[in-house]
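Taken straight from Swiss-Prot:
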type     : residues : note
ACT_SITE : ASP8     : active site, proton acceptor
ACT_SITE : ASP129   : active site, proton donor
Amino acid sequence: MIVIPAIDLKEGKCVRLEQGLMDKDTVFCDNPAEQAREWERQGGELLHIVDLDGAFAGKPANKSAIEAIVKAVRIPTQLGGGIRDIETIKAYLDLGLSRVILGTAAQRNPKLVEEACKLFPGRIVVGIDAKNGLVAVQGWAEVTDVYAVDLARLFEGYGVTAVIYTDISRDGMMQGPNIDATRALAEAISIPVIASGGVSSLKDIENLMAVESAGVTGVITGKAIYTGAIKLAEAVALTKKCRQG
């Protein structure tokens, strides 16, 4: 399992939200590229970037900040938020991103995921955000009647690199991840699952490591590493030690 530091972008700045609410944001850094370098220095092996403005607008909104981040680090990067078509996927991959995340578009147009996986093999991730087990879209502003597990099963055989599962009710709340829901999703599909939302301590990471055998291969952490509740370097060392046996 790897620990994946997150950078959420709003109006060009690095912020964190509570439960995905845009009016409950805290600005942590005015220079996202420098923040990305810091996470790389602390041992981050993959950087998770979210274009929050893009997620709500349905189109890219922080391109200059994203480009600056990609140029600033050598580690792989993945981006989600406002990516709704093949043209945007290609543009971001051409920018230097390692892979892109389809969220709202994946729920509304699964065929886009299939097409993208064929055009860009190994570079497409699906983000499934859920509240009480139901998929939320449009920057979490809209909860659907589709169950997360049912949506994830749609993508079996498409060639999706990973599914990022976020429990919205836990995100930014520092209350611990939803281990049971994450494990259940991982057991239901053959696609690797990355856990997100609520990670607040090294103990939370250890608890997720305990379900790695179910197919949970990574954990995204945001607020905890910005507030100091988790030191990224310590979290990385913990998971590396486990990987090395």
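Glycine residues also receive a Cβ, built from the backbone N, Cα and C atoms like all the rest.
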Inquiry  = Through the lens of DSSP with three states only, how would you label the residue listed as 'active site, proton acceptor'?
reply    = strand
Note = Across every protein chain in view, the count of C-beta atoms other than its own within 10 A of the C-beta of ASP8 (active site, proton acceptor) is 25
Ask   = In Å, rounded, how far does the Cα of ASP129 (active site, proton donor) sit from the Cα of the residue listed as 'active site, proton acceptor'?
value = 15
Ask   = So how many other Cβ atoms are close to the residue listed as 'active site, proton donor', meaning within 10 Å of its Cβ?
value = 26
